[in-house]
Structures are given as C-alpha cells and as structure tokens.
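Enquirer: Relevant sequence annotations retrieved from TrEMBL are reproduced here:
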type: BINDING; residues: ALA17, LYS18, GLY19, GLY20, VAL21, GLY22, LYS23, SER24; note: ATP binding site
type: DOMAIN; residues: 300-381; note: domain 'Gamma-butyrobetaine hydroxylase-like N-terminal'
Amino acid sequence: MNMGIGAVRHIIAVHSAKGGVGKSTLTVNLAIALSQKGFRVGVMDTDIHGPSMALMLGDSSRPPLVDDRKDAVEPIQAHGISFVSMGNLTDERVPLIWRGAMVHGMIQKFTNHVHWGELDYLLLDMPPGTGDAVLTIGQLLPISAAVVVTTPQGLSLTDTRRGLHAFKQLEIPVLGLVENMSWFVCDGCDDLRYLFGDAGGKALAKELDLPLLAQVPIEGTVCEAGDDGTPMMIAFPESHSAVAVRQAADRILAELEQSGQIAVFRFDWREMGFNERETEPPKIVPADERVLVQAVWQVSSDELGVQWHDGVRDILSVRKLRQNCPCAVCVDEITGERTLQQDRVPADIRLKQVSSVGRYALGLVFSDGHDSGIFRYDRLRELARKPSSV
Ligand SMILES: Nc1ncnc2c1ncn2[C@@H]1O[C@H](COP(=O)(O)OP(=O)(O)OP(=O)(O)O)[C@@H](O)[C@H]1O
C-alpha cells in the first residue's frame with residue numbers, strides 16, 4: 001500500500017473486544033518478534049484514548065521532523081521497530097476525551113504525515129471494543145488482516161462475535177485468536193497450570209471457527225518488561241511468553257500466506273488539472289497481480305480510469321457514477337429502488353475527490369457536493385460493464 005509517505009506491504013490490526021486483555025503488550029512483542037525475523041516492522045498506536053506504546057517501548061520523545069518540512073515526521077525508532085503514538089504527542093497520564101471526528105483526523109495524520117518508509121508489516125494497536133473508532137480505522141486504512149486477542153476471563157463469545165462482525169463488514173479477514181494470560185508455570189513443581197482450564201481459548205476458537213494462534217502465559221516478566229520500556233521479547237527472549245509470542249508470529253505469517261491475503265494500496269487525491277486525456281494509468285501499480293484494484297486515475301475531467309487485478313482497464317463516466325451512486329440518499333434502502341432522478345444529474349458533473357475506503361471500495365466526492373457514495377469494487381466493475389444509458 002502507498003501511505004502518504006512510504007510504502008507498507010501489509011497492515012495487520014491487533015484487536016480485542018474488551019480492554020485490558022494485553023492487546024498493546026502483544027502488539028509490541030509481536031512487532032519485535034517479526035522484526036527479529038528480519039522484517040521491517042512499524043506499530044501505529046491507534047488506541048488514541050489510551051495510548052501505551054511510548055511507555056512500553058521506553059521512548060516518549062516527540063517524533064522528529066522530516067528534514068526541514070513542517071508537515072511530516074519520522075516515526076520513533078525503538079528496539080528495532082518504528083512507531084507513533086499519541087503518547088509521543090501528549091502527556092500519557094492525561095486521558096484524552098476526544099470526539100470521533102478527532103480520532104478520524106489523528107489517524108489520517110498518522111497515515112499521511114508520518115514518513116513510515118518501506119515496511120513489511122505495520123501493526124495497528126486498535127482501540128478496544130467494537131465502536132465507531134474500529135469502523136473508522138477499518139475504512140481509512142487498507143488492513144490486510146486482523147488478529148483478535150482475548151483472555152480466559154474475557155472469553156465473552158458475544159463481545160468477540162460483535163468484534164468479528166465489524167471486521168466482516170469491513171471485509172477484513174481475521175487470521176485467528178491469541179489467548180493471553182492463559183496459563184502459568186507453578187513455582188514449586190514447574191507444572192503448567194491453566195487459569196481456567198486449557199479448553200477455554202480452544203473452545204472459543206472452535207465456536208468462532210478461527211485458528212487459535214497461541215496461548216500466552218501470564219508471567220511477571222511480561223508486566224515488568226512492559227513497565228520498564230524494554231519489551232519481554234528483548235528483555236526475556238527465552239521466557240515462556242516470548243516463546244509463545246514467537247509461535248503466534250509464525251502462525252500469523254503462515255495464516256496470512258495461506259489465506260492469500262494481499263496488501264491493498266491506498267490513494268487519496270483531490271481534483272487536479274490536466275492538459276490531455278490520460279488513458280494510461282500512472283505508474284503506481286503494485287507488483288502483486290492479485291490486488292483487486294491496481295490503479296485509479298483521472299482520465300479526463302469527466303472520466304475516471306480503473307485498472308483491475310487482471311490488467312483489464314475500465315473508463316467510467318463521472319456522470320454515470322453519480323447517477324449510480326449506491327448511498328442511502330440515492331437508493332431506497334428497503335425497496336432497493338433508485339430515488340435519485342437520473343436526468344437531474346448535471347451533464348458537467350465532475351469529481352472533486354477520490355479515495356480508497358478500506359480494502360473494498362472507492363469513496364467519491366462529486367462537484368454537486370454529494371459525498372456519501374461508497375462504490376464497492378465488485379459493483380464498480382459490474383457498473384463499468386453496464387450499457388452507458390445508466
Ligand atoms: N501475559 C501477560 N503476563 C503478565 N502481565 C501481562 C500479560 N499481558 C499483559 N500484561 C499486563 O496487563 C496489563 C494490561 O496490558 P495491556 O495494556 O497490553 O492491555 P490492553 O488490552 O492493550 O489494554 P487497553 O484496553 O487499556 O488498551 C499491563 O500491565 C501488562 O503489562
């Protein structure tokens with residue numbers, strides 16, 4: 001994916017339906033486990049209301065500006081990974097009570113104004129729960145896949161299901177569950193003891209039809225290392241929890257490979273001037289041929305070009321797009337009937353803005369001010385093949 005600045009191959013969301021289950025701890029340690037395998041890894045702390053990355057990675061400094069630019073910063077480098085967190089921009093002890101719109105703005109800043117450079121994996125420490133913030137992030141970023149963290153005591157089927165439903169809506173595949181604080185080693189006898197029996201995580205995974213990627217033990221060293229700013233993958237690389245996190249990282253890579261998941265590129269542009277018709281897409285085509293949409297470009301003032309994964313190119317008239325807007329204002333949600341009167345769409349309608357929505361759609365803003373249409377790629381392709389009347 002092309003981020004505002006830099007290129008990221010895969011974005012992986014680490015999520016939990018409930019707070020306090022160790023999602024941030026696992027995000028950081030998974031990121032380090034992946035970097036120890038030789039990958040270039042970044043972490044974006046999207047848990048804006050409760051950022052903990054700066055503390056866990058032991059660096060609360062401000063991100064440095066890129067050269068002499070005022071609008072771009074470098075991510076902070078710590079323990080072999082890059083990261084940004086609100087914890088580097090505000091005092092972590094001050095809770096942020098922000099409205100959704102500001103969360104949206106901050107994610108855009110973390111995406112467009114951070115010089116991530118070339119990354120193999122960008123891990124997102126997601127906000128807990130299944131609220132708006134998760135949907136917003138899923139729509140703003142082309143997330144390749146998600147990993148769900150739970151604990152034996154947090155094994156709430158209903159909550160986890162709700163979380164999974166949000167990912168399904170966003171067409172983000174879930175690679176599996178990681179059960180944290182699942183077991184411990186008995187001090188006296190070295191036996192493994194499961195806090196609530198070893199079947200909990202397995203049963204939940206079975207119930208949800210997801211792989212159980214790892215069961216991470218509860219260990220004092222995890223907490224200690226997190227509080228000290230040196231994550232346990234570095235401070236205690238031979239601990240039971242480090243071994244389990246390495247196993248989770250291996251499984252994530254394997255599941256990602258097996259599921260055939262691919263990185264999707266991100267784009268966001270406003271109306272631009274042009275002198276001639278551009279029938280060739282610009283050279284922003286990712287190498288992977290499975291990417292559903294390889295390029296989107298402005299062919300002329302009233303045409304949009306799309307190049308698909310199979311090399312097929314379509315040129316869609318902007319007026320036809322506006323006439324076929326699928327939003328609830330233009331189509332009756334219950335009957336499915338089009339309420340927008342086709343002939344009322346001006347002949348000279350233009351596009352003001354085009355952006356990718358998550359990994360599945362285009363968001364279009366038209367010159368008549370209409371901005372609520374989300375055009376799914378599959379429907380767009382169908383539309384391109386419909387006779388041009390409507
Ligand atoms: N396996 C573990 N063993 C011991 N302590 C752990 C383990 N995992 C996490 N912790 C501790 O549990 C606490 C909560 O962890 P963390 O902040 O990662 O949770 P979270 O799910 O990200 O929370 P939030 O919902 O606030 O974002 C921290 O003090 C952390 O050190």
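Backbone N, Cα and C define each Cβ position, glycine as well.
Where the annotation comes from TrEMBL, it is an automatic prediction and has not been curated.
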Enquirer: Which binding-site residues among ALA17, LYS18, GLY20, VAL21, LYS23 have CB under 6 Å of ligand 1?
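Expert: Result: GLY20, VAL21, LYS23.
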Enquirer: With a 10 Å radius around each C-beta, find which of these binding-site residues (GLY19, GLY20, GLY22) has the fewest other C-beta atoms nearby.
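Expert: Minimum Cβ neighbour count within 10 Å, taken over the binding-site residues GLY19, GLY20, GLY22, occurs at GLY20.
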Enquirer: Where DSSP helix means H, G or I and strand means E or B, what are the helix, strand and coil counts for the domain 'Gamma-butyrobetaine hydroxylase-like N-terminal' (300-381)?
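Expert: Each residue of the domain 'Gamma-butyrobetaine hydroxylase-like N-terminal' (300-381) counted once, the result is 14 helix, 31 strand, 37 coil.
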Enquirer: Same chain only, sequence gap of 6 or more: which residues have a CB within under 8 Å of the CB of SER24 (ATP binding site)?
Expert: ASP45, ASP47, SER52, MET53, MET56, ASP125
Enquirer: List every residue in the same chain as LYS23 (ATP binding site), at least 6 positions away in sequence, whose Cβ is under 8 Å from its Cβ.
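Expert: The list for LYS23 (ATP binding site) reads VAL14, HIS15, SER16, ASP47, ASP125, MET126, PRO128, VAL149, given in order along the sequence.
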